[in-house]
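Pulled from Swiss-Prot, these are the features on record:
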type	residues	note
BINDING	Gly42, His43, Asn44, Gly45, Ser46, Gly47, Lys48, Ser49	ATP binding site
DOMAIN	7-242	domain 'ABC transporter'
Amino acid sequence: MNQERLIAAEDITFRYQKDADRPALDHVSFHVSKGEWLAIVGHNGSGKSTLARALNGLILPDEGSIKVGGIKLTEETVWDVRKKVGMVFQNPDNQFVGTTVRDDVAFGLENSGVPREDMVERVDWAVQQVNMQEFLDQEPHHLSGGQKQRVAIAGVLAARPDIMILDEATSMLDPMGREEVLDTVRRLKDQGMVTVISITHDLNEAAKADRIIVMNSGRKFAEGTPQEVFRLNQDLIKIGLDLPFSFQLTQMLKESGLALKGDHLTQEGLVNELWTLKSKM
């Protein structure tokens, strides 16, 4: 993985109210490397969504600093930073502003004054990346939740940011829609098109990331690969997080004496190893 740092957050603190007893972000430091998928997880009120807003300049930290693509985030640089960061939010219906898929993907480009010929090329390219090219002239009420979120991702891609932040972007989708969106994100990330930060309370979603930061009470509680973080097990449960079912089942099978080698984050991985063990019996 290319280790160029796209985001460097150093000791950031933020309070929504200056006299608040506890800050929403309490001396948080981390970095994000180019080409990485970082998941930031936590229960409601943990600080994860506040962190997402800080990374896009929707709020500015009271203390500490954030650099995005080498640019220090300030009131003067916030629009330069936002050109580098695109966001996909929770509710797909609240994000759809065009009358058709084509209009929606083009909306941000029109506001940025992109020439029409360039805009048409970008829209066509972006919808192809999310496999929505057959729906260009469809109205939003004809689309599923997963399809609307893929259109939102296309709108972000068309603007050509370095980083895409998914702020609970799958939480209102059914399982099929959720997998559609996450598979799309993984493919775009693997093809080197964008660096991904996903904000979520769902550890099944976080398991797909390269690295996880766990937030609790405004502080960084843990950080590591999915396997490293999930091994905290009961510590995560105590702060209101549910471990992925496949990981829990793997641990139960190991405790019962089954000689499993992996800490499986997906059901597919667990099933494959079980079949391998069965074939050796």
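Easy rule for this one: first residue shown is 1, then count along the chain.
In case you wondered, yes, glycine gets a Cβ from its N, Cα and C as well.
Ser49 (ATP binding site) falls within a helical segment according to DSSP. Take the CB of Gly45 (ATP binding site) and look out to 10 A: across all protein chains shown you find 14 other CB atoms. Note on the domain 'ABC transporter' (7-242): mean pLDDT across this stretch is 92. Summary: among the binding-site residues (Asn44, Ser46, Ser49), the fewest other C-beta atoms within 10 A of the C-beta are counted at Asn44. Taking each Cβ in turn and tallying the other Cβ atoms within 10 Å, the top scorer among the binding-site residues His43, Lys48 is Lys48. Apart from Gly42, His43, Asn44, Gly45, Ser46, Gly47, Lys48, Ser49, the ATP site neighbourhood in this chain, defined by C-beta within 8 angstroms of the site C-beta centre, holds Thr50, His201, Met215, Asn216. For Gly47 (ATP binding site), the Cβ neighbour count at a 10 Å cut-off comes to 24, with all displayed protein chains included.
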